[in-house]
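If you check TrEMBL, you get these features:
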{"type": "REPEAT", "residues": "99-133", "note": "repeat 'PPR'"}
{"type": "REPEAT", "residues": "175-209", "note": "repeat 'PPR'"}
{"type": "REPEAT", "residues": "245-279", "note": "repeat 'PPR'"}
{"type": "REPEAT", "residues": "280-314", "note": "repeat 'PPR'"}
{"type": "REPEAT", "residues": "315-349", "note": "repeat 'PPR'"}
{"type": "REPEAT", "residues": "350-384", "note": "repeat 'PPR'"}
{"type": "REPEAT", "residues": "385-419", "note": "repeat 'PPR'"}
{"type": "REPEAT", "residues": "455-489", "note": "repeat 'PPR'"}
{"type": "REPEAT", "residues": "490-524", "note": "repeat 'PPR'"}
{"type": "REPEAT", "residues": "525-559", "note": "repeat 'PPR'"}
{"type": "REPEAT", "residues": "560-594", "note": "repeat 'PPR'"}
{"type": "REPEAT", "residues": "595-628", "note": "repeat 'PPR'"}
Amino acid sequence: MSFSFSLSRRLSSSPSLSIPTFPPSLPNPTFTLCFHSQPPSIENVVDDAVSQFNRMLLVRRTPPIIEFGKILGYLVKMEHYPTAIPLFRQMEVKGIEPNLVTLSILINCFCHLGQMAFSFSVLGKILKLGYQPDTITLTTLLKGLCLKGYLVKMKHYPTAISLSRQMEVKGIEPNLVTLNILINCFCHLGQMAFSFSVLGKILKLGYQPDTITLNTLMKGLCLKGEVKRSLHFHDKVVAQGFQMNQVSYGTLLNGLCKIGETRCAVKLLRMIEDRSTRPDVVMYSTIIDGLCKDKIVNQAYDFFSEMNARGIFPNVITYSTLIWGFCLAGQLMGAFSLLNEMILKNINPNVYTYNILIDALCKEGKVKEAKKLLAVMMKEGVKLDVVSYNTLMDGYCLVGEVQNAKEIFQIMVQTGVNPNVCSSNIMINGLCKSKRVDEAMNLLREMLHKNMVPDTLTYNSLIDGLCKSGKITFALDLMKEMHHKGQPADVVTYNSVLDGLCKSQNLDKATALFMKMKKWGIQPNKYTYTALIDGLCKGGRLKNAQKLFQHLLVKGCCIDVRTYNVMISGLCKEGMFDKALAMKSKMEDNGCIPNAVTFDIIIRSLFEKDENDKAEKLLHEMIAKGLL
C-alpha cells in the first residue's frame, strides 16, 4: 500500500519550528509561592511545583534537564497542561536545551489541548536537534490525533498511518495503543484488509487484543455494511474466550438495525441477556430506533416500557427516537404525551426533539401549533437551528402561506442562523407554486452572490415554475445553466420542460427533448409519457399519441388512471366514442379502475355530441359505482 502522506511534507505545512510563547486561545497562568501547615490541596501542590521550577531556573549552577523534566511530567500527570507550556518556554529562554523527554512532554501538552499543529512543530524541533523520536513520542502524537475527535473531524487518517510507518522504518516497536489507533484509521478509510493485517501484527508481537481492538474491528465491518461478517467475527472471538462489553454489542445492534435486520437485533439483545453483559440505554435506544424505522411503533413502545421496568432509564435520545416513531405513525397525541412525560422526569428536550414535533405538526397542516411550539423552544432556552426554521417555513409553504414563510426566513437571518441550500429551496419552491417566479429567481441570484451552490432541486423548482408561467425560453436557458454549473438534469427536470413545451404547443421541440433524454440515459417515467401523450392529443396528433400509448402497453408498463384518462380524452375530442368506451373497458381488464374523471370526460363529450342515451347510461353506471 502506498501512503500519500509524508512526514516531511506534513511538517513543512506546520507553523514555525520554534516553540510558541503560548497558544493564543489559552490564558497565561500566574504563579505564586505558598507554604502549608495543613495537608496541601492539588492547587497548592501545583503552585509549589511551579515555584520549585522557578527557583531551579534562578540558581547559579543549573540542575540537569532531568530535574526540570520531573516537574513538567508531574504537571502533565495532574493535567495542568496550560501551566507546563510557559514553564518550558522559560527554560528555553534561560538557554537550557530540552531533551527528548521534555520535548515529548510538550507534545503531550499540546495534544491534550487540541493544538495538533503545535504538536507537530515540536516534532520538527526534535528532528532539528538531532534526536530520534521514540515509541512514547510518536504514540503521544497518534493519541493526540484521536483526542477530542480530531482524527475523525479533520480526516487525518493518512497522517496517523504515516506516523506508524515512520515508527516501523526507524525500527521503533509499536505498542498496543499505537496498533489500535492504526486499526481505527484503516477502518475509517474502509480498508478492512489492512485493519485485520494489523490484528495479525498484534498477535505476532505477542500482544493480547483488548476490547478496543475487537470493538474497532467490528465497528469497521459494520461501517462498510458487512454486518454479517462482523457477527461472525464476534462469534469467533467469543468462542476463543474473549469477553465482549456493552460497546461491542451496541456496535452490532446498531449495524443490524442500519441494514434493516431489526428482528435479528432483537434476538441478539435477548442473547446478550443470557450472558454476563447487561443491556444498557444505548442498546435499547438502538432497538427502539430500528423498530420505529420499520413502523412497528407499538413494539418499540413495549421495549421502552421494558427498559423502564428493568431500571434502565431512557435518555433524551430514547425519548426523541420514540417521539419520532409516534409522529411517523401519525400518533401525534402519543408523541406529545411522551414530550410531557420526559419534561416531568427532568429530561430536557433538545432541538432535535422539538424539530421532530414541529415537522409532524406542519405535515398535518397545523402550522399555528408548530409556531407556538417554536415559541416554547425559545422560552425554554433551546437554541433554534436551521432545521427548526426550515421546517416551519416548509409548513407555511405547504398551506400556501408563502408570505409567512418569507417572514420566518428573514427572522432566521436576523437571529444569526445562516440559511442553507435547503432553506433557499423551500422558499424558491413555495414562491414558484404561488406564481411568484420573479421573486424565486431573485433568491437564486442571492444564493449565487453568497457563494451557495444551488442543487438539482433548486433548479427543478425554478424550471417547473417558469414552465407553468409560460416562460419556456427562460426555463430552457436555466436548464443549460444547470448543466454548465455541474448539476445534472434528472427526469423531473425533463418532465417539467416537456410538459411546458406541450402546453405551449411546441410539440416538435417536446418530441426532440423526449428523444434527447433517452439518449442521455434518463429513463422516462409515467409522468413523462402522460405529458407527451396529452400534448400530442391536444395538438391534433392523435395517431402519434396512440402509437406512444401502444408502445407502453407492449413494454408492459404499469399505466395509471391519469394516462388512460388523457388517451380517452384525446379519442373523445375526435368523436371516437366507441374506441374511448373500449379503452375504458380495457383499462378495467388491466386492473386500472376508472375514476370520476374518466366518466366525466366521456359523459361530457357524449352530451356535447348529442349522444344523450349513451351519456345517461354511463351516468347511471357512475352513480352505481359511487363516483358521483
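Residue numbers in this text run from 1 along the chain shown.
Heads up, the Cβ atoms here are built off N, Cα and C, so glycines get one too.
Where the annotation comes from TrEMBL, it is an automatic prediction and has not been curated.
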Checklist line | the repeat 'PPR' (280-314) - residue tally per DSSP class, helix then strand then coil | finding: 26 helix, 0 strand, 9 coil
Margin query: Please count the residues of the repeat 'PPR' (595-628) that DSSP assigns to helix (H, G, I), strand (E, B) and coil.
Written below: 26 helix, 0 strand, 8 coil
Item checked: Summary of DSSP states over the repeat 'PPR' (99-133), given as helix, strand and coil counts -> 26 helix, 0 strand, 9 coil
Next item on the list: For the repeat 'PPR' (245-279), provide the mean pLDDT of the predicted model.
Entry: 88
Notebook entry, point to check: Same chain, outside the repeat 'PPR' (315-349) by at least 6, Cβ under 8 Å from its Cβ: which residues?
Noted result: 281, 284-285, 288-289, 291-292, 295, 297, 300-301, 304, 307, 356-357, 359-361, 364, 380, 382
